Amino acid sequence: MGKKVIVLGEIRDGELRNVTFEAIAAGRTISGDGEVIGVLIGENVQSIAQELIHYGADKVLTAEDPKLKTYTADGYSQVMRGVIEQENPDSVIFGHTAMGKDLSPKLAARLQTGLISDAIDVSVTGGNVVFTRPIYSGKAFERVISTDPMIFATIRPNNIQASEKDTSRSGSIESIDVSLTDLRTVIQEVVKKTADGVDLSEAKIIVAGGRGVKSKEGFQPLQELAEVLGAAVGASRGACDADYCDYALQIGQTGKVVTPDLYIACGISGAIQHLAGMSNSKVIVAINKDPEADIFKIADYGIVGDLFEVVPLLTEEFKQLNIHS
């Protein structure tokens, strides 16, 4: 017997984030031959609802209101609670993002159910939904089965393969009547602190710098390499603490957890707190002058050398590859 799964979509700058498609794929695994329902909340979201169906949703529910244009826990939780009570799903899936990490525990607590967070894989064994999640800073993995009648879970970006887009798929798109009451938070303005670029949490390639960059200006070669690769720029806490870059770029135990296809660590020693945020990257390249640096212990490829010499060489080489391709 199939299961009913609700997936909350995430929208940024009018477009669906990749983690939404990955969450839909997880929902399809859980549902079997059941129903996957996508939920889109915001302003003018009807226009992108069909894309969820193309990636595997059977039905999409849209909630539109000017007050929902920017995420607030009050507004989104009211909408989601109404949807959950109406649909009575077996599972509710979120991305393990800033929004998902804020909203999912609030809803789970209000609905008196458990939450499985930061899952990197979903499977079904013997009729049970099994979530795999990292523990001990990624040194081990646990497989979790929930005994609650309704499962809440968050999915780490870049770990579950999204389904191929199928424009031949069809499904229903329905609007939800929105009646927001007692909103304690109203967003008046959003000021972006960092420049527009590739989103760090969903980036396929990341170029990260540590204390070895030595200054704010030291990040310039990394930014040039990132631009050539179409990558995001990240940093260790040491670089952030030294005021070489903004804390929005921090990767690690107290920063963002990332799992890109390629992670290039430049001048990063490899403190355990940093490794906790990037050790599950598919391919790790380390550049460091110290041959004994801990980062080399987990690197797939290591370059012992001065990053200010190595990184420009890599940048030039990739430029040539781009030209010839």
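Keep in mind that glycine also has a Cβ here, set from the backbone N, Cα and C atoms.
It should be emphasised that the depicted structure is a prediction, and the values quoted were computed from it without experimental measurement.
As recorded in Swiss-Prot:
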- 262-290: FAD binding site (BINDING)
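Secondary structure from DSSP puts Met278 (FAD binding site) in a helix. According to its DSSP assignment, Gly270 (FAD binding site) is coil. Sequence-distant contacts (6 or more apart, same chain, Cβ under 8 Å) of Lys282 (FAD binding site) comprise Thr259, Pro260, Asp261, Leu262. Taking the Cβ of Met278 (FAD binding site) as centre and 10 Å as the limit, one finds 27 other Cβ atoms among all the protein chains shown. Residue environment of Ala286 (FAD binding site) contains 24 other Cβ atoms, counted within 10 Å of its Cβ in all protein chains.
The Cβ neighbour count for Gly270 (FAD binding site), using a 10 Å radius over every protein chain in view, is 23. Listed binding-site residues: Leu262, Cys266; maximum Cβ neighbour count within 10 Å falls on Cys266. Reduced to three states, the DSSP call for Asp290 (FAD binding site) is coil.
In sequence order, Ser269, Val304 are the residues of the chain that are 6 or more apart from Asp290 (FAD binding site) and have a CB within less than 8 Å of its CB. Here His274 (FAD binding site) comes close to Gly210, Ser236, Arg237, Ile251, Gly252, Gln253, Ile268: these same-chain residues lie at least six apart in sequence, with C-beta atoms under 8 angstroms from its C-beta.
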